[in-house]
Amino acid sequence: MTDMPTLDAIRQAPKALLHDHLDGGLRPETVLDIAGQVGYDGLPSTDAGELASWFRTQSHSGSLERYLEPFSHTVAVMQTPEALYRVAYECVEDLAADAVVYAEIRFAPELHINRGLTFDEIVDAVLAGFAAGERACAGAGCPIKVRLLVTAMRHAAMSREIAELAIRFRDKGVVGFDIAGAEAGYPPSRHLDAFEYMRDNNARFTIHAGEAFGLPSIHEAIAFCGADRLGHGVRIVDDIEVGLDGDVKLGRLAAILRDKRIPLELCPSSNVQTGAVASIAEHPFDLLARSRFRVTVNTDNRLMSDTSMSQEMYRLVETFGYGWSDIQRFTINAMKSAFIAFDERLEIIDEVIKPRFAVLIG
C-alpha cells in the first residue's frame, strides 16, 4: 500500500477518539423516530436527508454561539431513559463501523432533566447503552471500548454537582469531567470548585478552551484549573510566531503547553464551522503537529459536521499530505492521552493499534 492513504484505506485503520459529543452525533433517522415517539414537533423537516442537510447547514454558522443552536433539537429527543440508551448504543455502533477502537464520548446530564430524570438515571441509561453496544460490536467482530465524560455547561451553576456525579460513576464507565458551552464571558475559573473537587479525588478532566476565545481561556484552563487536556485549544496559535524563513518561535504559554505534553483535542471540520479558522488549509493543525505538540484528531459533532473520524483524517491527508506514519502518530497521541489506566492504554496501543497499522503500512 502506498504512503498516501485513501479514504477507503483510512476507514480500515484503527482510531482513537477523545472529543465527541453524544448529542451532536445522532442519526437523523433516530432524531425523527424518537421525535415521533415523544411528541416533539419542533423539527425543521420530517425527511431524514433534509434534516441531515439542515443540521450541517445551520452548524456552518461562523460563530460558536450560533453553532450550538441546532442542539436544541437533538437534546429535545434525549429526555427519556429509552432514548438515551438508544442514542448511546447507536453511537457505539457507528464508531465501531468506522474502525474506532477507543472513544471517550461526552455529554451534559443537566440538559436531559426536562422530563424529570435524575442525573444518576441519565448516566445509567447512557452507560447501559454503551455497554450493550460494546457487546454487540464485539460479537460482530469489531471490538471497541467506549467511556464517558460528564460535562457541565459553563454558563450554568451545576459544575460542582456534575463533578460529584463523575466521581460517583468513576468505576462504572465515567472516566472524566469537562466544561463546555459558549466561552466568551464564561471563563473556566468560574468553576474552580469543581476542578478542585476532581483533583482532590485524583480524577481527570478536560476543558473546552481556546475554541472561540483566545489565549486567556487557555491560560486559565492550564494555570488556574489544572486541565489534563484542552478541548480544541486551537487559539494557541496566537502565541506562536512563524518567521519569513519558516522558523517557529513559541510564546511562553505555547511553550509550556508543548513542554508539559498537554493534549490538544483538535476538531478540524468543527473549527471551520464555528469560524475558529477559515478553512482546513488555514487550520494550525499542521503547524502544531510539526512543532511536536500533542495533537489529536477528533470529530466534535458527527451529525452537525456530517463527518466521521475517517473523514477528518482524510481531510488532513488531502490538505497537508500526511502519510500512514503521521496518522499512526496522531492515533497513538490520542490513545496516550486517554483517561483510562496506563496499562489499558498500552494494551490497546501495542495489541491493536500498532499491529493493524503495520498491516496497512506493509
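The backbone N, Cα and C atoms fix where each Cβ goes, glycine too.
In sequence order, Leu64, Glu183, Gly231, His232, Gly233, Val234, Arg235, Asn271, Thr274, Ala276 make up the list of same-chain residues 6 or more apart from Glu211 (active site, proton donor) whose Cβ falls under 8 Å from its Cβ. According to Swiss-Prot, the feature active site, proton donor maps to Glu211.
Residues near His21 (Zn(2+) binding site) in space but far in sequence (CB under 8 A, at least 6 apart, same chain), listed by position: Ile105, Arg106, Phe107, Thr151, Ala180, Asp300, Asn301. Sequence annotations record features per position, and here Swiss-Prot assigns Zn(2+) binding site to His19, His21, His208, Asp300 based on sequence analysis.
If you look up Swiss-Prot, you'll see His21, Asp23, Gly181 marked as substrate binding site.
Annotated site 'Important for catalytic activity' per Swiss-Prot: His232, in sequence order. Around the Cβ of His232 (site 'Important for catalytic activity'), 28 further Cβ atoms fall within 10 Å across all displayed protein chains.
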For Asp23 (substrate binding site), what is the secondary structure state per DSSP, taken as helix, strand or coil? helix
In the chain carrying His208 (Zn(2+) binding site), residues 6 or more apart in sequence that have Cβ under 8 angstroms from it: Arg154, Asp178, Ile179, Ala180, Gly181, Glu183, Gly231, His232
If you rank the binding-site residues His19, Asp23, Gly181, Asp300 by how many other Cβ atoms lie within 10 Å of their Cβ, the lowest count goes to Gly181
Residues His21, Asp23, Gly181 binding substrate per the record - widest CA separation, whole Å: 13
